[in-house]
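Here is what TrEMBL records for this protein:
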DOMAIN    209-331  domain 'DUF1570'
SIGNAL    1-24  signal peptide
Amino acid sequence: MKLPRLALLSILSIWLTTCQLLTAEIVGQQATYPVMIQLDLQDETIQATPVLATQQRVIMLGRDGRMWDFAPQNASNFTQLATPFRPLRQNEMRGDLLAEFGNGYDVTGTGNYLVVHPAGQKDAWANQFESLFRSFQQYFAARGIHLQRNEFPLVAVVFPDFKSYQKYAAQDGMRVSPGVVGYYSGETNRVALYDITHGHHDNPLWAENMATIIHEATHQTAFNTGVHSRYAQQPKWLVEGLATMFEAPGVWDSRNNPNFRDRVNKTRMLEFLEYTKTQRAADSLARFVATDDAYYKRPSTAYGEGWAMVFYLIETRPREFAAYVRTVAARSAEDVYTAEDRVRDFQDAFGSDLAQMEAYFLRYISDLPNKM
């Protein structure tokens, strides 16, 4: 049945509230509900389930995990479908991906992943993504962070060259250069990358492919297992700090790299130590935690600082870090995450004396070279 916009929003708001009360123990990004809505949004017709519905904002999820975030006035022709919402099964999504990418590509399924890749290259890609997912699970389980089951099959798309990757990225609204080997899209819920070795995986450049897989798959896994929320604002230092932490072999492959020094991302450590010697202002921890500005104004140093902060907290205060991650992930998508709120959440988890914490943090990171 077709519904007027205001009536639909009213119904969705009441219905979502009821469902959320019944599933209050579920973190927001895992809570999808059986209702299925069809609507026209700009130049496409979508079928999806609502996860947020207000007069200002609607968030909906498709059966493949794609997210639409829009103002209600931008949509039209609302219809509630008789068919209930259900995430696509892996075999259903595999068929859709084969149809989407066509000749020249295969789709390989593993326990949690569907990997679209150049035909004949199954072993080079699919097992890498699945192995990283399991490493992520094991790492956080050992540190008291319970991961939720991913609701949708995780999709990664590997292109054989930059040109095809660039064309696909443009459809995602992404402008990429050859130096941007891959990315995770929160809207499509996919990782996309291109093979810089052009199928020659004995090429030394394969290590750069692997680094991209690790970083972007960490984002994807974190946003699909409740470590981060796909809907609510998340601190960029936490999101990027976690991904850069996983770049270290001792984190993503601890079985073969069991020593403490293997968990240190040496590149990021050196970046941060150089920054502390030349540019970092005293007492700047609160400012770094409060906003994402550093990642836009000084990205060359922000990534190192984000790594250092996450590494310090998870190595020295894992219980408090786990509580902090849960707090941030559980935030409502309706709320703006102000600088004051960010600092307050941080202090609630780690203590109110930020000056003292900053001193401990800097001392710990400065001493890392002595432990290598």
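Using N, Cα and C of the backbone, Cβ positions are placed for all residues, glycine too.
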_For the domain 'DUF1570' (209-331), residues assigned helix / strand / coil by DSSP_ = 88 helix, 0 strand, 35 coil
*Rounded mean pLDDT for the residues that make up the domain 'DUF1570' (209-331)*: 95
